[in-house]
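Have a look at the structure below before the remarks.
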Amino acid sequence: MSKVINWTQYFMGVAKLSAYRSKDPNTQVGACIVNNDNKIVGVGYNGLPWGCEDSEFPWQVREGELYETKYPYVVHAELNAILNSTGNLKGCRIYVSLFPCHECVKAIIQSGISEIIYEDDKYNGTDSDRAAKRMLEAAGVKYTKVEPFVIEVK
Ligand SMILES: Nc1nc(=O)n([C@H]2C[C@H](O)[C@@H](COP(=O)(O)O)O2)cc1CO
Ligand SMILES: [Zn+2]
């Protein structure tokens with residue numbers, strides 16, 4: 001019998017495959033938005049906005065003056081997936097390889113997405129993470145952690 005993956009593995013797999021497109025040398029994140037018919041309606045990974053060349057922005061820099069780091073320039077995977085999506089996201093689920101930050105959570109809530117499925121939560125307990133969860137709980141958006149699913153890319 002050939003191997004068959006379940007829906008969660010499939011959508012998380014698409015999210016994680018997308019993450020491999022990210023030029024971020026420290027954290028590659030992928031996201032996949034799915035509607036109630038189990039159709040994919042948006043994917044994204046953390047990258048620079050259109051027109052911003054990877055070679056001209058400081059991907060390697062994580063500390064020091066904000067302007068000199070990668071942080072003000074990168075579009076997070078979740079926001080890219082929302083911005084890349086087609087149509088109304090009300091009631092959709094978002095599969096993301098890393099739990100969303102407080103900024104993406106605002107976009108997730110406002111777009112009508114009703115559930116977050118995530119795998120990694122390496123920033124668990126940070127202020128951003130706590131603020132994110134505070135908003136999700138207030139807005140009634142579910143978040144569910146799933147076991148790691150290995151995608152092999154050679
Ligand atoms: N959920 C997320 N989605 C994302 O796309 N990111 C992006 C922003 C940066 O490009 C990178 C985090 O960089 P670092 O601080 O781990 O070196 O991942 C970060 C988070 C974490 O909340
Ligand atoms: Zn974010």
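Placed from the backbone N, Cα and C atoms, the Cβ positions cover glycine too.
Copied over from TrEMBL:
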type: ACT_SITE; residues: GLU78; note: active site, proton donor
type: BINDING; residues: HIS76, CYS101, CYS104; note: Zn(2+) binding site
type: DOMAIN; residues: 6-143; note: domain 'CMP/dCMP-type deaminase'
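Feature map: TrEMBL annotations on the structure.
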| residue | record | CB count, 10 Å |
| --- | --- | --- |
| HIS76 | Zn(2+) binding site | 21 |
| GLU78 | active site, proton donor | 32 |
| CYS101 | Zn(2+) binding site | 18 |
| CYS104 | Zn(2+) binding site | 25 |
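CYS101 (Zn(2+) binding site) falls within neither a helix nor a strand when secondary structure is assigned with DSSP, and so counts as coil. Shown in sequence order, ALA77, GLU78, LEU79, PRO100, HIS102, GLU103, VAL105, ALA107 are the same-chain residues outside HIS76, CYS101, CYS104 whose Cβ sits within 8 Å of the Cβ centre of the Zn(2+) site. Rounded to a whole value, the Cα-Cα separation of CYS101 (Zn(2+) binding site) and the residue listed as 'active site, proton donor' is 9 Å. According to DSSP, HIS76 (Zn(2+) binding site) sits in a coil region rather than a helix or strand.
The residue listed as 'active site, proton donor' sits 6 Å from CYS104 (Zn(2+) binding site), taking the C-alpha atoms as the reference points.
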